[in-house]
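Notes follow the structure.
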Amino acid sequence: MCGIVGYSGKKEASSILVEGLSKLEYRGYDSAGVAILNDGKINVSKCKGRLVNLENKLEENPIAGNIGIGHTRWATHGEPSDLNAHPHSNKDNTISVVHNGIIENYMQLRTWLKSKGYEFKSETDTEVIPNLVDYFYEGNLLDAVIKAISKVEGSYALGIVSSKEPDKVVAVRKDSPLIVGISEDGNFIASDVPAILNHTRDIYYIKDKEFVVLTSEGVEFYSNEGEKIEKELNHIEWDANAAEKGGYEHFMLKEIYEQPKAIRDTMTSRIIAGQPIKLDDISITKEQIENIDKIYIVACGTAYHAGVVGKYVIEKFARIPVEVDIASEFRYRDPIITKNTLMIVLSQSGETADTLAALREAKSIGARVIAVTNVVGSSVARAADDILYTWAGPEIAVASTKAYTTQLITMYILGLFFAQNKNTLTNEEIEKIKADMLTLPEKAEEVLASKEKVQKFAANTYMHKDMFYLGRGIDYAVAMEGALKLKEISYIHAEAYAGGELKHGTIALIEEGTVVVALGTQSDIYDKMVSNIKEVTTRGAKVLGIAAEGRKGMEEVVDSVIYVPEVNDMLLPVLSVMQLQLLAYYVSVEKGCDVDKPRNLAKSVTVE
C-alpha cells in the first residue's frame with residue numbers, strides 16, 4: 001500500500017521518479033506526486049487519480065532537478081484529493097516528505113505542533129512529519145529526522161528532502177518496506193525492487209529504525225542513535241524483463257501462465273527423486289520436529305487459503321495438529337503457545353503488516369517460526385527463525401496466482417519434510433508423492449493449454465451478480481481461493497461453501513439460473529460431492545464442475561465439466577485452482593474491469 005521512490009544522481013529526477021512509481025502501481029493508489037530539488041528550492045507536483053494525471057501535469061509544467069522523492073498514495077487518513085496527496089511539506093516549503101504507513105499518535109503530535117505555532121493544510125497523518133523535522137532542525141537534516149522519529153508511534157517508510165540540504169535524501173523505515181539501490185548514474189530508495197530494476201540490481205535491505213542518507217555520490221547508513229553502520233550489498237538475480245507483461249494483455253494472465261516454471265523452480269534442489277528432502281534455510285532439528293505438539297499456520301487473504309490447504313496436507317502426511325488463523329485475528333486472541341509450538345507464516349511480499357505483527361507476537365511468547373515468502377530479505381524473512389522461499393519471481397498483478405501455487409508447493413514440501421523426520425510415512429510413500437510432485441509442472445502446462453471451456457463459461461455468466469463455489473475437504477479450501485479471485489477482479493459477489501453445509505442454510509440462496517462452480521477432485525468424497533451438485537441443479541443452478549480425470553458421473557449432472565490431470569489427491573489443488581484463476585480472469589475481461597489493478601485493493605498490505 002502506497003509506493004515510494006527517491007533518487008539522487010546525474011539524471012533528471014522527474015522521469016526516473018515517475019517511471020519508478022509506474023512500477024509500483026500494483027501496490028494500489030488513489031493519487032500521486034513528486035517533490036524535486038532545484039536551485040535551492042523544492043518544487044512539488046501532485047494530483048488525485050491515476051499516475052497519467054501526474055505525467056500530464058509534469059508535461060505541462062516540467063520540473064528540472066537531479067534529486068527528488070515520489071509517491072503513490074493509498075488513502076488512510078483523509079479522502080483522495082490533490083490536497084491530501086503526497087509529498088507533504090512544512091509551512092515555508094523547506095522540507096518535503098513521502099510516507100507509507102500510519103502514524104498512530106498523529107493527533108497528539110498535531111495538537112502539540114499547533115501549540116508551537118505550526119499550521120496544517122491537509123487531513124493526513126503524514127503532515128506532522130515535515131513539521132516535526134522542521135521543529136527539530138538545527139543545521140543537520142539527519143539529526144532532525146532522528147529526533148522527529150523518536151516522537152512518532154506507528155508504521156512508516158519515509159523519504160525526506162530539504163532545501164536547506166539540497167544534496168541529499170534522508171530515509172527511514174519501521175514496519176513498512178524500504179530498499180536502497182546503488183548505480184553509477186545515481187542512488188535510489190524504493191518500496192519494492194521493480195521500481196528501480198531498470199537502473200540497478202544492487203540493493204540494500206533496510207531494517208527497522210535504520211536511517212539512510214542518499215546523495216549522488218553514495219549512500220550512508222545510520223542507527224537510531226546516529227551512529228554510522230555497515231550494510232551488506234545484495235544482488236537481485238532477476239531483471240526488469242521479469243516485471244514486464246512480455247506480450248500478454250495483462251500481468252495476471254502472464255503470471256497464470258508462468259506457474260509451471262514457478263512450481264518447477266520452487267521444487268528445484270528440494271524435491272529430488274531418491275534423495276531425502278533437504279531444506280538449506282531451515283535449521284529445525286529432527287528432535288524438535290518430533291516434539292512439535294501443534295502448528296499454527298497464519299496468513300492473510302490468498303496466503304490464508306494456501307494455509308488451509310497446508311492444514312490438510314501436514315495433518316495427513318505428518319500427523320501433527322494444525323490450526324489455521326487469519327493474521328489480524330490471531331494476534332488478538334491470546335493463542336495457546338508452548339516451547340513445542342511451531343508457527344508457519346505465509347506472505348507473498350514478506351511485508352504484510354498483520355502477518356508480521358502475528359509473527360512477532362508468537363515469537364515473544366516462545367514459538368518457533370518458519371516463514372514462507374517470495375521476497376528475499378523481506379521483514380518476515382528477517383524476523384523468522386527459518387525461511388522457505390517460494391521462487392515464483394516478481395508478481396505484479398494485485399490478484400495473486402503463481403505466489404499461491406508456489407505456497408501450496410511449500411506446504412507439500414514441509415509436510416513431507418516433517419513426515420520424513422517423524423516417520424509417519426514410509427520412504428516408499430514419500431517417494432511416490434515426490435514422483436507425482438515432479439510431474440506437476442508438465443501437468444500444469446496441460447491444464448493451461450485447455451482454456452476453451454472456462455472461457456465459454458465466463459462468456460455465458462459474467463453478467464451475473466452472484467456466484468457460489470462448492471467443495472468438500474481440501475476442495476473447499478480451493479473453492480475459497482476461487483471465490484476470492486472472482487470477487488477481487490470482477491467485483492461479482494462470490495462465496496465458497498462446504499458441500500455438506502448446503503442443506504444447513506445455504507441452499508436457500510439457490511434458484512433458477514444461480515451460477516455454481518463445484519469442485520469434485522477428491523476420490524474418497526467424490527460421490528458425496530456429486531450428490532451435492534444434484535441438490536443445486538434440481539433447483540435450477542447452472543454448474544461448472546471441476547474433477548480429476550477418471551472420475552465418472554459429474555458430466556451427467558453439470559452444464560460443463562473440466563477435467564484436470566490425475567495425481568495424488570493432495571496435490572490436485574495446484575491444478576484445479578488454475579481453472580478457477582482463468583475463470584476469474586476471463587469473467588473480469590468480459591466485464592471490462594481493470595484486471596491488474598482492481599478498485600480499492602493493494603498488492604502489499606503494509607498497514608494494519
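Glycine too: its Cβ is placed from the backbone N, Cα and C atoms.
What Swiss-Prot records for Cys2 is active site, nucleophile. Positions annotated as active site, for Fru-6P isomerization activity by Swiss-Prot, on the basis of sequence analysis: Lys603. According to Swiss-Prot, the domain 'Glutamine amidotransferase type-2' annotation covers 2-217. Marked as domain 'SIS 1' by Swiss-Prot: 285-424. Per Swiss-Prot, domain 'SIS 2' is recorded for 453-598.
The 10 Å shell around the Cβ of Cys2 (active site, nucleophile) contains 27 further Cβ atoms across the protein chains shown.
For the recorded site, Cys2 (active site, nucleophile), the DSSP three-state label reads coil. Shown for the domain 'SIS 2' (453-598): DSSP residue counts in helix, strand and coil, namely 77 helix, 30 strand, 39 coil.
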